Amino acid sequence: MISEPVSTIRQRQNQDPSVDPKQGPGQASPRENYTNSGDSSSLLARRLAYYHELDEWQQDNHYIRSGYVKGTSSYWESFKSLGYLHNETVNIYSHLLPSSISFWVILYYINFQLTIYDNYLGIWEKLNFVQFGLACTFCMFMSSVFHTLKSHSHKVSKFGNQLDYFGIVILITCSLISIILFAYYDEPLEKWIFVALTLFFGTVCTVFTLHPEFSKNHYRPFRSTMFILFGLSGALPIVYGIYKFGVETTSERAGVKWLILEGVFYISGAVLYAARFPERLTHVEEEEHSLLLNPQAGKFDIIGHSHQIFHVFVVIAAYCHWLALVQCYHYLHQHILA
């Protein structure tokens, strides 16, 4: 049976004291009263489901109890979910909106705002910014598409999940390479060694990402750990830079303060995602009346659960990386090439 989010049921109960979750046999359930009523939001109610009402292939995070779009078997029906609130809405728009504007903002910046120095090295410098912008766009667009279409079917959801993870690999790979190309411009051997290592690690992650077992629920901690370690591989050029140039110079060369902040957001988001925090704090049993009687039940179902926090942190981390990349560009021209 399809139902509305827990918060909606509680609000309806507060308005209608005749609806009692402890009613006896033969009486209509709160959901039945609501769905059969003339309430203008009943259409929304019929679109959403509880976790225990989902098919097994849709069951991922049992700490999120309500607000699900049940399997549609229709691309059109899945796309229509963009127009109403459910527990994937924030996941979708937190990446759909940035993916729609990030590339164009970067394109505008490098053509109209970026300082072009007398020792400008050519179009590849702008292309280095562009490849990072494309990676951000691809990653976040694949993410938003996946979260929109994951209600379609098991096959579509599984394929979309692989694209989502692949987008993460692309973003990490391009992010690391973009810094290396600027920060190690005057050290060609080290530059290409670090680029090759990044591509190797990215390839390994891609192989795991495209493996059919990788997207299963029990691999969630492994997925988070893999992406964290891949991101932390970006510390190798930094550590080597400290050895060769010293702490202060390396910090300026590579925009280290921004990279550290970027890492904090990426890792924090991944850890929260793997731990399913904070929604695990409000976990209750599946049965609807248990949800209604627990004042905390469903608190993070629609807004505030771990995946949404991870999405927001990814956007913030990408912006921190952009600031690091701009700093690398200016240091290259003001110091390395001066």
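For all residues, glycine too, the Cβ spot is worked out from N, Cα and C.
Computed from a predicted structure; not experimentally measured.
Taken from TrEMBL, the feature compositional bias 'Polar residues' applies to 1-17 (among others).
As annotated by TrEMBL, region 'Disordered' applies to 1-39.
Taken from TrEMBL, the feature compositional bias 'Polar residues' covers 30-39 (among others).
According to TrEMBL, the feature transmembrane segment maps to 90-110 (among others). Residues 82, 126, 129-130, 132-134, 136-141, 143-144, 147-148, 302-303, 307-308, 311-312, 314-315, 318, 322 of the same chain sit 6 or more residues outside the transmembrane segment (90-110) yet have a Cβ under 8 Å from a Cβ within it.
The transmembrane segment annotation in TrEMBL covers 130-149 (among others).
Within the same chain, residues at least 6 positions away in sequence whose Cβ sits under 8 Å from that of HIS307 (Zn(2+) binding site) are ASN61, ASN91, TYR273. For HIS147, HIS307, HIS311, the entry in TrEMBL reads Zn(2+) binding site.
Under the heading transmembrane segment, TrEMBL lists 165-185 (among others).
TrEMBL lists 191-210 (among others) with the feature transmembrane segment.
Positions annotated as transmembrane segment by TrEMBL: 222-243 (among others). Within the chain carrying the transmembrane segment (222-243), a Cβ under 8 angstroms from the stretch's Cβ atoms is held by residues 165, 168-169, 172, 175-176, 179-180, 183-184, 190, 194, 197-198, 201-202, 205, 208, 214, 249-250, 253-254, 256, 259, 263, 266-267, 270-271, 273-274, all 6 or more beyond its ends.
Here the transmembrane segment (255-275) has long-range neighbours at 179, 220-221, 223-225, 227-228, 231-232, 234, 238, 306-307, 309-314, 316-318, 320-321, 323-328, 331, meaning same-chain residues at least 6 beyond its ends whose C-beta is under 8 angstroms from one of its own. Look at TrEMBL and you will find 255-275 (among others) tagged as transmembrane segment.
If you look at the transmembrane segment (309-332), the same-chain residues 6 or more away from its ends with a CB under 8 A from one of its CBs are 90-91, 94-95, 98, 102, 106, 114-115, 125, 128-129, 132, 136, 139-140, 143, 171, 175, 178-179, 182-183, 185, 252-256, 258-259, 261-263, 265-266, 268-270, 272-273. Annotated transmembrane segment per TrEMBL: 309-332 (among others), in sequence order.
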When neighbour density is defined as the number of other C-beta atoms within 10 angstroms of a residue's C-beta, which of the binding-site residues HIS147, HIS311 has the lowest density?
HIS311
Which sequence-distant residues neighbour the transmembrane segment (191-210)? Criterion: at least 6 residues beyond either end, Cβ under 8 Å.
162, 165-166, 168-170, 172-173, 176-177, 180-181, 184-185, 226-227, 230, 233-234, 236-237, 240
